[in-house]
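Marked as signal peptide by TrEMBL: 1-17. The annotation substrate binding site is assigned in TrEMBL to 82, 84, 207, 210, 310, 338, 342. According to TrEMBL, the active site annotation covers 117. According to TrEMBL, the feature active site, proton donor maps to 162. Residues or ranges marked as active site, proton acceptor in TrEMBL: 344.
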Ligand code: BGC
């Protein structure tokens with residue numbers, strides 16, 4: 001083929017207009033989010049590269065051709081990235097060096113309070129009770145700095161799963177008593193320092209089977225609202241996250257535990273009811289009350305012997321994919337909070353972080369340490385997914 005100089009020039013111009021493969025496409029304008037608007041109507045939860053890599057490795061390990069094909073689809077599901085240690089803040093930097101579509105919002109879980117997971121063992125963290133200064137300077141300040149350096153990127157933050165709910169219901173436990181001051185101070189600090197234009201925050205509120213009990217709703221809402229006010233009522237706080245790493249159905253009716261003998265004391269039998277009831281109490285207590293709900297692993301119900309069983313529930317399936325179509329004005333979005341396939345806790349009884357909930361008969365065994373990949377569990381979630389992939 002004869003090529004003229006003019007067409008070569010045209011080709012060169014067209015090629016130079018394309019971004020180099022490794023070049024990150026910059027979103028050209030600063031993001032301005034508002035706590036009075038649902039960010040998920042405008043932005044899609046980003047499928048982060050860490051979960052993508054875990055899923056892609058899982059796909060490699062599957063031999064069944066049709067399962068392999070469906071497994072590959074999970075990599076495209078948006079999910080939250082857990083910043084569960086100071087060292088793992090690196091993950092945020094790595095993620096921001098990849099190309100994130102401008103219409104995507106990056107979901108992050110802020111999860112490193114001193115004395116973390118005070119009522120259980122499986123997710124005990126790296127910071128000891130009292131190490132609040134390290135939490136502030138080595139963890140929150142560093143994350144805040146990175147978010148400020150990326151004003152053109154939208155972020156959705158889940159703030160400290162289980163922490164304040166533990167202070168409401170588990171304060172009789174010595175470890176939670178010891179952690180209480182640090183939890184309140186730490187969460188308030190996070191809310192203040194991360195209150196940035198490109199960020200929307202959701203404070204964790206457990207789930208319907210936890211703070212949804214008649215006796216817990218008001219104290220629960222007041223606990224969260226007090227910390228919100230201590231933080232100076234930050235404008236970017238939109239409300240709460242619920243069912244994070246949880247198993248509750250969003251709208252199963254009657255609810256999964258509605259036949260239990262204690263059911264008359266809990267009207268929050270599903271997360272839709274919970275967000276409505278808890279949301280009303282938040283409003284009374286003077287705190288924004290919108291919600292995001294984790295539907296990552298709630299595809300199958302009727303598996304738990306008791307509502308409070310939280311560890312690697314056997315027989316579980318992936319649930320609804322992230323969407324802003326929730327059918328509830330209070331619920332901004334269904335999200336994947338817990339990356340399905342990562343363990344909730346080890347079933348190894350000799351491990352320091354072994355929690356007896358991970359050894360219950362309705363818990364999947366064997367399971368690795370919290371956060372570690374469990375291939376068999378992932379395949380189970382996939383086979384039981386509802387809706388199917
Ligand atoms: C673990 C974290 C992990 C997260 C997501 C938590 O239970 O403690 O280390 O990042 O789950 O899998």
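Heads up, the Cβ atoms here are built off N, Cα and C, so glycines get one too.
Curation does not apply to TrEMBL; its annotations are automatic.
Mapped onto this structure are the features recorded in TrEMBL.
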residue : record                       : DSSP (3 states)
82      : substrate binding site       : strand
117     : active site                  : coil
162     : active site, proton donor    : coil
207     : substrate binding site       : coil
310     : substrate binding site       : coil
338     : substrate binding site       : coil
344     : active site, proton acceptor : coil
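Rounded to a whole number, the distance between the Cα atoms of residue 310 (substrate binding site) and residue 162 (active site, proton donor) is 12 Å. Only 310, 338, from the recorded positions 84, 117, 310, 338, place their Cα within 10 Å of the Cα belonging to residue 344 (active site, proton acceptor). The binding-site residues near ligand 1, defined by a Cβ under 6 Å from one of its atoms, are 82, 84, 342, chosen from 82, 84, 210, 310, 342. If you take the Cα of residue 210 (substrate binding site) and the Cα of the residue listed as 'active site', they are about 15 angstrom apart, rounded to a whole number. Within its own chain, residue 84 (substrate binding site) has 109, 111, 112, 123, 125, 371 as residues 6 or more apart in sequence whose C-beta sits under 8 angstroms from its own. Most buried of the binding-site residues 207, 338, judged by other Cβ atoms within 10 Å, is 207. In sequence order, 88, 108, 109, 111, 339, 371 are the residues near residue 82 (substrate binding site), counting only same-chain partners six or more apart with C-beta under 8 A.
Cβ packing within 10 Å was compared across the recorded positions 162, 342, and the lowest neighbour count falls to 342. Around the Cβ of the residue listed as 'active site', a 10 Å sphere holds 23 further Cβ atoms from the protein chains shown. Of all Cβ atoms in the shown protein chains, 24 besides its own fall within 10 Å of the Cβ of residue 310 (substrate binding site). The separation of residue 310 (substrate binding site) from the residue listed as 'active site', Cα to Cα, is 13 Å. A 10 Å cutoff on Cβ-Cβ distances gives residue 210 (substrate binding site) a total of 26 other Cβ atoms nearby, all chains included.
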